[in-house]
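Reading through the structure tokens given below for one structure.
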Amino acid sequence: MAFAVFLSLLLVSSCHQPQVTSGSRVLRIQAGVGLTGRSSNNTLAMVPQNGNDDECDRVMNISAADRCAFVKSTPDCSMEDGFINYLHVAFCLLPPNLTPLTITLCIIWLLFLFVILGLTASKFFCPNLSAISTSLHLTHNVAGVTFLALGNGAPDIFSAVAAFSHPHTAGLAVGALFGAGIFVTTVVAGGVALVKPFAVASRPFLRDVIFYMVAVFWTFVMLFRGTTTLGETLGYLSLYVVYVLIVIISAYIYNRQKHSVNTSARSVAHFPEFHSSDSSDDDVPCLTGGTMPEYESEYRPLLPYSESTSQILLSSLNPVDNRKWRRKSWSWRVLKLLKTPLEVLLLLCIPVVDPDKEDKNWRRPLNCLHLITAPLMCVLIFQSGIYGEYMIQGQFPLWLLTLLLGLFLSSIVFCTTTNDCPPRYHPLFALLGFVVSAVLISAAASEVVSLLHMLGVVLSLSNTVLGLTLLAWGNSIGDCFSDITIARQGYPRMAISACFGGIIFNMLFGVGLGCLVQMLKTHSYVQFESEGLLTWILAGSLGLSLVLSFVIVPLCRFHLGRAYGIFLLVFYVIFLVIALLTEFGKIFIV
């Protein structure tokens, strides 16, 4: 992949040049009230804590033989989040002359973590959210801008919250959210316009761009002021509530207008303008899967056939569709084979409810097994596994109690249900699957953040540039392929609505929840600290791309053609070149 080549080049270059520290922290907790975080010359205050904020970043300035001892003896290098201390892995696992090999293995592990994030979100988290919204009888508009938006943006949001949890990695959140915003609104939207030129719906496009510009400007103000309060954070989150209300109200007004114009339109599947107008958020499904629904009624057996319990269990754990396997390319088959062991493991631990199927995806033996494995998985991976060793009153392990309770519930469900008919409480399995997949995504996101922080230390890169490149690309590449695939299949309006609708949710909840969680943990304000010119280039580029789209698209009468797509791609390339030149010190302020 592109970011793997990018990392390899940086690794080679970092081994042959003098090492410098990798930039300063972006967030710290401000204990006290009334501090503005800004000095008299309108620059962000860079106030160190105890004089050793970036002590671990200095590991590359010492000799290779002493780096392992430095990492072990420096408290600043001990990462609380994550199962693995990647700084220990980088400097202590293998001899110093094999550090490039260690970094290469870590990059492969990073790719695997991105696969975990993508599979969990697309195959488990998002379908269960859809099932929950169906069980709650939510309208398509409400579900599209709440549950489905959360399903699409889960990796970005959990990565941002995980990054905000530690001062050294907060720059990853800022860089990833802004970087993903630029990537989606330029590369993804430009790719859609190149693949399938079309006329975008005017009102939803202007609505989404305006709200996203407000969110970006509000984030820029918080970065510029250097601090945010609890009230401001709650107001920041409430902006999305206002967005949801406007979507619902505008869809209601549009439906009323459509009904008044022609009541016979009820029998029509949908208006061309309706799907991409004020109710375009209906068209923001879980796009990470990238496939449209398949109707398999012709494959149903003519005579009734009942599988045994063991056959149901084995077929439920098979992630490969034989019909799809035969018509797919060899590259898809190779990738599927590589992902199959992970998919089987996830199928063992996470239940999925599908309201579109006749049996709601009820698999009695597997669902009973989920009552054992799902809670146990939550205990073992929640908060980086700290509850896996927890002893109740110092005598009874928590994981054993969870196992026993799971066995008890599983036995009751197995004895009171049948293979053919799902029980009335089957929708509760969607809630269980949602919780387990959310915990897994959070754990994987914490590992990604910790691993990227280590790469930033080793390669002498700031967290912001790692966020706007690796983390942003990793979290957005699935949306890129999915949106372009949907555009190829003739749904470009659906794809473009997903581009702008999802990133509004990611920006507001990624920053808002990250700050709110830290305030609740520390009972103090959150103060941001700038990483210099790169942060302002990042915010300014995202704002400029939105303003240009806000001006150019109406001038083109809301027709997105190939020229507009090429313009967006060129804009992203220019931004990326400027950002990297700034990171390497080629562009600076005198």
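Residue positions begin at 1 at the first shown residue.
Every residue, even glycine, has its Cβ placed from backbone N, Cα and C.
Since the structure is predicted, the reported quantities are computational estimates derived from the model, not experimental observations.
Taken from TrEMBL, the feature domain 'Sodium/calcium exchanger membrane region' covers 108-248 (among others). For the domain 'Sodium/calcium exchanger membrane region' (108-248), the DSSP-based tally of helix, strand and coil residues reads 124 helix, 4 strand, 13 coil.
For 430-580 (among others), the entry in TrEMBL reads domain 'Sodium/calcium exchanger membrane region'.
The signal peptide annotation in TrEMBL covers 1-23.
Feature annotation from TrEMBL assigns transmembrane segment to 101-121 (among others).
The transmembrane segment annotation in TrEMBL covers 142-164 (among others).
Nonlocal intrachain contacts for the transmembrane segment (170-193), taken as residues 6+ away from its ends with a CB within less than 8 angstroms of a stretch CB, comprise 23, 25-27, 156, 159-161, 163-164, 212, 216, 219, 223, 449, 452-453, 462-469, 471-473, 475-476, 479-480, 483-484, 487, 492, 495-496, 499-500, 502-503, 506-507, 510-511, 514, 528, 531, 535, 538-539, 541-542, 545-546, 549, 560-562, 564-569, 571-572, 575. The annotation transmembrane segment is assigned in TrEMBL to 170-193 (among others).
The list of residues near the transmembrane segment (205-224) in space but at least 6 beyond its ends in sequence, with Cβ under 8 angstroms from a Cβ of it, reads 38, 44, 174, 177-178, 181, 185, 232, 236, 239, 243, 246-247, 250, 278, 496-497, 500-501, 503-504, 507-508, 511, 528, 530, 535, 539, 542-543, 546-547, 549-550, 553-554, 558. The transmembrane segment annotation in TrEMBL covers 205-224 (among others).
Annotation source TrEMBL lists transmembrane segment at 236-254 (among others).
The transmembrane segment annotation in TrEMBL covers 366-386 (among others). Cβ atoms under 8 Å from those of the transmembrane segment (366-386) belong to residues 80-83, 312-313, 316-317, 347-351, 398-399, 402-403, 405-407, 409-410, 413-414, 426, 429, 432-433, 435-436, 439-440, 443, 446 of the same chain, restricted to positions at least 6 beyond its ends.
Annotated transmembrane segment per TrEMBL: 398-416 (among others), in sequence order.
The feature transmembrane segment is assigned by TrEMBL to 428-445 (among others).
Look at TrEMBL and you will find 451-473 (among others) tagged as transmembrane segment.
Look at TrEMBL and you will find 494-513 (among others) tagged as transmembrane segment.
Sequence-remote contacts of a segment are chain residues at least 6 beyond its ends whose Cβ falls under 8 Å from one of its Cβ atoms, and for the transmembrane segment (533-556) they are 26, 174-175, 178-179, 181-182, 185-186, 189, 200, 202, 205-206, 209-210, 212-213, 216-217, 219-220, 223, 462, 464-465, 468, 564, 567-568, 571, 575, 578-579, 582-583, 587-589. Positions annotated as transmembrane segment by TrEMBL: 533-556 (among others).
Long-range contacts of the transmembrane segment (563-582) within the same chain, counting only residues at least 6 positions beyond its ends with a Cβ under 8 Å from a Cβ of the stretch, are 182-183, 185-187, 189-194, 197, 465, 468-469, 533-534, 537-538, 541, 545, 548, 552-553, 556, 588. What TrEMBL lists as transmembrane segment is 563-582 (among others).
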Hey, which of 101-121, 236-254, 428-445 has the most Cβ-Cβ pairs under 8 Å against the transmembrane segment (494-513)?
236-254
